[in-house]
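Chemist: Starting off with a structure, shown below.
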DNA sequence: ATTTCTGCAAACCCTTTGCAATGGT
DNA sequence: ACCATTGCAAAGGGTTTGCAGAAAT
């Protein structure tokens, strides 16, 4: 349909077609909701389903949280997004179009930092060679404490809260 | 009280007193429930709150799940137990009296294996030196796939179920 | 006697599901 | 037209909380 528009789209129109093709090859359909969820994940970087819903709703009203869950499951199956657990609450979703990295979560101050693949490489190699295990770096979240942190954990329990 | 019993306890009686002292020094009390929860965690090794409850109930009837949660929180604060997340469901609790180790979870076959501290040492050192982050190995769970696994993840999504 | 702790029931958060209506293709 | 997808509402795990009665010190 519309052959005159082929190279008109510049960027977002072609991504739109790529996504549609990806979905169609598996028997799925492209819907506004699916597009918006993917865009929201890409925009937010570290987003919970609820946060994604809020962003989606800014662009289209009436979208339901269950659609977000169903869509995230689908996008993850298509390897367009991944999720990890940065706390005991809701998981966070990430776009696979951004460079892979792991996360380090400080239980004292709550800060989440990104850990580049280089820092994990040797560990991953060890697991593979010695334990026959292939680590998924995008899912990796390590918990502990920043060394220069206001130091909790001295009788009081570590603060996981959003302070 | 009872100075004649000092070295009588052999093992479990003295641990009982140690636990009581530990609790009392913080203003807490030793109750049968607390003792039973701790014993259950030590006995089960990798236990969810629900599994712990089942074991506790074999020895004392009427114990409630909320007591288990409250007790686990307390025991964790006292560094007698730790927890980690081996899946998207309930966390698993471990006794700190067993040697520290991390866990590797295969998303294809669901198997959970223990990763000894030696395998994590260098990674932990890297995080500390280069990123100022002190990793808690007991909380560490890595996700991925066994290399000699019936191989899922080829269109089908990874099986996280209890097969 | 005092104060913590427990069981119970209800509430809560996050996620999943059944179903009729909507909407891609 | 066909059938995937959605919104809604209800249900489902797992966890937390308020409170009155039970138990530890």
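Residue 1 is the first one shown; counting continues down the chain.
Including glycine, each Cβ sits where the backbone N, Cα and C put it.
Automated prediction, rather than curation, is the source of TrEMBL annotations.
Copying in the features that TrEMBL gives for the protein in this structure:
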- B:106, B:109, B:146, B:149: Zn(2+) binding site (BINDING)
- B:121: Fe cation binding site (BINDING)
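Help me see these features in their spatial surroundings.
Modeler: Its Cβ taken as reference, residue B:149 (Zn(2+) binding site) is surrounded by 18 other Cβ atoms within 10 Å in the chains shown.
Taking all protein chains in view, 14 other C-beta atoms sit within 10 angstroms of the C-beta of residue B:121 (Fe cation binding site).
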Chemist: Against chain A, with Cβ pairs under 8 Å, which of the binding-site residues B:106, B:109, B:121, B:149 show up? Give them in sequence order, please.
Modeler: B:106
Chemist: Measuring Cα to Cα, how many Å separate residue B:149 (Zn(2+) binding site) from residue B:121 (Fe cation binding site)?
Modeler: 26
Chemist: Beyond the listed site residues B:106, B:109, B:146, B:149, identify every same-chain residue whose Cβ lies within 8 Å of the center of their Cβ atoms for the Zn(2+) site.
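Modeler: Here the non-site neighbours turn out to be B:107, B:108, B:110, B:111, B:145, B:148, B:150.
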Chemist: Rounded to the nearest Å, what's the C-alpha distance separating residue B:109 (Zn(2+) binding site) and residue B:121 (Fe cation binding site)? Just drop the number here, would you?
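Modeler: Between the Cα atoms of residue B:109 (Zn(2+) binding site) and residue B:121 (Fe cation binding site), the distance comes to 27 Å.
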Chemist: Can you check which residue among the binding-site residues B:106, B:109, B:146 has the largest number of Cβ atoms within 10 Å of its own?
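Modeler: Buried the deepest by this measure is B:106.
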Chemist: Please report the Cα separation of residue B:106 (Zn(2+) binding site) and residue B:121 (Fe cation binding site) in Å, rounded to an integer.
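Modeler: That comes out at 21 Å between the alpha carbons.
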